[in-house]
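Asks: One structure follows; several queries about it will come next.
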Amino acid sequence: MIISAASDYRAAAQRILPPFLFHYMDGGAYSEYTLHRNVEDLSEVALRQRILKNMSDLSLETTLFNEKLSMPVALGPVGLCGMYARRGEVQAAKAADAHGIPFTLSTVSVCPIEEVAPAIKRPMWFQLYVLRDRGFMRNALERAKAAGCSTLVFTVDMPTPGARYRDAHSGMSGPNAAMRRYLQAVTHPQWAWDVGLNGRPHDLGNISAYLGKPTGLEDYIGWLGNNFDPSISWKDLEWIRDFWDGPMVIKGILDPEDARDAVRFGADGIVVSNHGGRQLDGVLSSARALPAIADAVKGDIAILADSGIRNGLDVVRMIALGADTVLLGRAFLYALATAGQAGVANLLNLIEKEMKVAMTLTGAKSISEITQDSLVQGLGKELPAALAPMAKGNAA
């Protein structure tokens, strides 16, 4: 199969993976309206083509939290990467490290902090959920600090799990889920051999280390379901801000007032995100939410964005809408499931090439030159409601 875009990796991953795993990463909440709009709204953002600008000295490099990035992209936190490729978190981290961008380890990773951090030269980022078990949160933070993690990404848009109908249909949850997953695994031999057998242990490493016993998929679902905390408020985050002495990023912002609260709280960054359309269906796409948030806090706090980003053109669009850096989620997971570290490395190369083309043809020699002026007036900043119908194609 010829791979020329992230969509090719998605098609390949669907063939390789058991359905319960493919649909777990590919699906969203409820009817998946927001999930589809993430991609469609971003694709409708029109860039201004400019010509004869002498683009010979183009550079994608940028700086974030005193870290030099080869391009304004990081691999965002994605749970269960180690179920998509053998020791998947390590493979993805190595690809990011080689490309000169950050890798973010999820709380619910298969590979624990202590396995991933030593595998790369660059300090990784660590993502943490708001959980009832504050002992686990403190333990995870202590381990992340000890491993040299540079930035904490604190996810706040999950006080309760979203309702994901695809999971019940695919076997990730629902009646006879364990048996359905087993039958799917044995009929997908490439995955069964590479990950199912040779990718063990399939513990949730960060949770197992705390609980002192193995935690499989059923344990993961049960433990997390019992530990999400709907009572959380900004005040509950104060001890984390005091404990963590590195940059702290609040992930899950869609409203300008919440962005202002993050500035008042003292966060170093925010992620404009709807959790890839996996939490509340019907909320704004990140592309629609981003311009108003940038108007409210640009310059006061670092603005990251995710959800719907599939290629280098999308990266340029998000930056023009107001982001400083973007996070990749599904895009790199498709590549990881298809070809491991090599797949992620190739995806990052594709994104870099696509960014260079977009910047060359819009007259932006550097990341700082990608601004609202790079957008066609009326299509980028405002994103009117009639701009994009609900998507019928790929997930966000």
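Heads up, the Cβ atoms here are built off N, Cα and C, so glycines get one too.
Per Swiss-Prot, the feature domain 'FMN hydroxy acid dehydrogenase' maps to 1-380; the stated evidence is sequence analysis. Annotated substrate binding site per Swiss-Prot: Y24, Y129, R164, R278, in sequence order, evidence recorded as sequence analysis. Under the heading FMN binding site, Swiss-Prot lists S106, Q127, T155, K251, 306-330, citing sequence analysis as support. Swiss-Prot lists H275 with the feature active site, proton acceptor.
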Asks: Nearest to Y24 (substrate binding site) by Cα distance: which of the binding-site residues S106, D306, G322, V326 is it?
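Replies: With Cα distances computed to Y24 (substrate binding site), the winner among S106, D306, G322, V326 is S106.
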Asks: Rounded to a whole angstrom, what is the C-alpha distance between H275 (active site, proton acceptor) and R330 (FMN binding site)?
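Replies: Per the Cα atoms, H275 (active site, proton acceptor) and R330 (FMN binding site) stand 11 Å apart.
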Asks: Cα distance, R278 (substrate binding site) to R330 (FMN binding site), nearest Å?
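Replies: That separation, Cα to Cα, works out to 12 Å.
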Asks: Which binding-site residues from the set Y129, R164, R278 come within 10 angstroms of S106 (FMN binding site), judged by C-alpha positions?
Replies: Y129
Asks: Using C-alpha atoms only, work out the spacing between D314 (FMN binding site) and Y129 (substrate binding site) and round it to an integer in Å.
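Replies: With the alpha carbons as reference points, the distance is 27 Å.
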Asks: Which residues in the same chain, at least 6 apart in sequence, have a Cβ under 8 Å from the Cβ of R164 (substrate binding site)?
Replies: G27, G28, A29, Y30, R278
Asks: If H, G and I count as helix, E and B as strand, and all else as coil, what does DSSP give for S106 (FMN binding site)?
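Replies: SS state of S106 (FMN binding site) = coil.
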Asks: Whole-number answer please: how many Å between the C-alpha atoms of G322 (FMN binding site) and Y129 (substrate binding site)?
Replies: 26
Asks: Which of G322, V326 (the binding-site residues) has the most other Cβ atoms within 10 Å?
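Replies: Ranked by Cβ atoms within 10 Å, first place goes to V326.
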Asks: Using Y129 (substrate binding site) as the reference point, find which of the binding-site residues D306, R310, V326 has the shortest Cα-to-Cα distance to it.
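Replies: Its closest listed neighbour, by Cα, is D306.
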Asks: Taking DSSP as the reference, which of helix, strand or coil describes R330 (FMN binding site)?
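Replies: The three-state answer is helix.
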Asks: Over the domain 'FMN hydroxy acid dehydrogenase' (1-380), what is the model's average pLDDT?
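Replies: The answer is 95, the mean pLDDT of the model over that range.
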Asks: What does DSSP say about the residue listed as 'active site, proton acceptor': helix, strand or coil?
Replies: helix
Asks: Helix, strand or coil at D314 (FMN binding site), per DSSP?
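Replies: The residue in question, D314 (FMN binding site), is helix (DSSP, three-state).
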